[in-house]
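Below is one structure, written out as structure tokens, with a few remarks after it.
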């Protein structure tokens, strides 16, 4: 029984360590929610799951140390629910970020983003006028577009240099007009209408060189936020999948050890019942 308790205790300790990358992923999403992605509800499920794994692991560790079968049982039940919640979160994250990506632009190092390329619940959430007001204010206050400017020895970045840059989805969608508008480059956030007709893209009319306006009300900006969210969620989901696989393995080990503890407590050594059936007792009158 002691070896089984030691095994359960070790599994609980390792499970506790596994909660750290999940909690770290939630905190990383939280930091991006305050600066780049600007959606503040997405990180909470991960943070709650990470903290839950920590608490449940400590309970299971205490149960193994003090040979408390109730705490061991509680660990197994709670961890099963946590694993189910983590699976649900991973499926949800992939489902809502399944469609949509940036479009390549000829002779440009960056991608352009279009809202019609996205669909589903997350697009509807971001596109909601009331919710978008908060998101656009967050992007503006974060200074994402202000940070896009570059100088080389006091000389502003040229158009050719800017066109070869790899911009983030938010920088591309919110800080410059869409490429199909045909505007001429002044600097990173100042663009002049060319001599020809303005492009048919409605965002062309929404672009404003006023630094507090730019393209914050453009559909391309909303698409840029969706593109940024997709990249963030996919990075975190990869870590979550690896952690999930290890969690399931640890759970199976802990469950087998718990069954062994119960069998020993019930005075049923492993294999005894099977041998009794194979070699029944003979009684002689």
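Note that Cβ sites are derived from N, Cα and C of the backbone, with glycine treated the same way.
Here's what TrEMBL has on this protein:
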type	residues	note
TRANSMEM	6-29	transmembrane segment
TRANSMEM	41-64	transmembrane segment
TRANSMEM	70-96	transmembrane segment
TRANSMEM	238-258	transmembrane segment
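Tertiary proximity for the transmembrane segment (70-96) is limited to same-chain residues at least six positions away from its ends with a CB under 8 Å from its CB atoms, namely 8, 12, 15, 22, 45-46, 49, 52-53, 56-57, 59-60, 62-64, 120-122, 233-234, 236-237, 240-241, 243-244, 247-248, 251, 254-255, 258, 261. Among residues of the same chain six or more beyond the transmembrane segment (41-64), those with a C-beta under 8 A of the stretch's C-beta atoms are 5-6, 8-9, 11-13, 15-16, 18-20, 22-27, 29-30, 33, 70-72, 74-76, 78-79, 82, 85-86, 89, 229, 233, 236, 240, 247, 254.
Same-chain residues lying 6+ beyond the ends of the transmembrane segment (6-29) with a Cβ under 8 Å from its Cβ atoms: 37, 42-47, 49-51, 53-54, 56-58, 60-61, 63-65, 72, 75, 79, 86, 232-233, 236, 239-240, 243, 246-247, 250, 253-254, 257-258, 261.
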